[in-house]
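Asker: What follows is a structure written as structure tokens; I'll ask about it next.
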Amino acid sequence: MSNTFDQDFCPACGTILPLPDGSSMIQCLLCKKILDISVFHGTQSTIHVDFQNIEDGRRTSENNEAIEGTLIQRKCPRCGHDEMSFTTRQLRSADEGQTVFFLCPKCSFQELENS
Ligand SMILES: [Zn+2]
Ligand SMILES: [Zn+2]
């Protein structure tokens with residue numbers, strides 16, 4: 001490959017990161033950690049980024065990917081399965097709370113809840 005950017009590895013899970021597409025943000029496909037490339041290349045530290053800021057340019061495969069998380073006792077409103085996968089995501093600054101994602105492993109029904 002002869003890209004101007006070297007490929008980087010996610011510091012959280014070690015997965016190879018997708019190449020940046022002009023934005024300064026890059027998202028790990030596996031653990032969904034969002035990295036600021038300029039920071040990443042400099043100090044190796046990572047930051048959490050407000051999703052709202054990157055929605056315009058960086059909505060790639062996120063919508064189609066299954067959300068992985070912990071199975072909890074929760075009845076799926078669609079198929080009645082009694083376990084759903086539970087994932088939280090910090091969407092905004094800490095005082096804004098976080099969004100909880102539920103995914104039915106049986107019928108792939110997805111539910112969002114803002115706490
Ligand atoms: Zn990762
Ligand atoms: Zn279901």
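Note that Cβ sites are derived from N, Cα and C of the backbone, with glycine treated the same way.
What TrEMBL records for this protein is below:
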BINDING   C10, C13, C28, C31  Zn(2+) 1 binding site
BINDING   C76, C79, C104, C107  Zn(2+) 2 binding site
DOMAIN    72-112  domain 'TFIIS-type'
ZN_FING   10-31  zinc finger
Asker: Can you tell me which of C10, C13, C28, C31, our binding-site residues, come within under 6 Å of ligand 2 at the Cβ?
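Answerer: None, by Cβ distance under 6 Å.
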Asker: Summarise the model confidence on the zinc finger (10-31) as a single mean pLDDT, whole number.
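Answerer: Result for the zinc finger (10-31): average pLDDT 84.
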Asker: Other residues near the Zn(2+) 2 site, CB within 8 A of the CB centroid of C76, C79, C104, C107?
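Answerer: Those within range, site residues removed, are P77, R78, G80, H81, M84, P105, K106, S108, F109.
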Asker: When you rank C76, C79, C104, C107 by Cα distance to C13 (Zn(2+) 1 binding site), which of the binding-site residues ends up on top as the closest?
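Answerer: Closest by Cα: C104.
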Asker: CB neighbours of C79 (Zn(2+) 2 binding site) within 10 A?
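Answerer: Around C79 (Zn(2+) 2 binding site), other Cβ atoms within 10 Å: 11.
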Asker: For the binding-site residues C13, C28, C76, C79, which residues place their CB under 6 A from an atom of ligand 1?
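Answerer: By the Cβ criterion, which requires under 6 Å to ligand 1, the hits are C13, C28.
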Asker: List the residues in the vicinity of the Zn(2+) 1 site, defined as same-chain residues other than C10, C13, C28, C31 with C-beta within 8 angstroms of the site's C-beta centre.
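Answerer: Output for this site, in sequence order: P11, A12, G14, T15, L17, L29, L30, K32, K33.
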Asker: Between the binding-site residues C76, C79, C104, C107, which lies closest to C28 (Zn(2+) 1 binding site), Cα to Cα?
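Answerer: Smallest Cα separation from C28 (Zn(2+) 1 binding site) among C76, C79, C104, C107: C104.
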Asker: Closest of the binding-site residues to C31 (Zn(2+) 1 binding site), Cα to Cα, picking from C79, C104, C107?
Answerer: C104
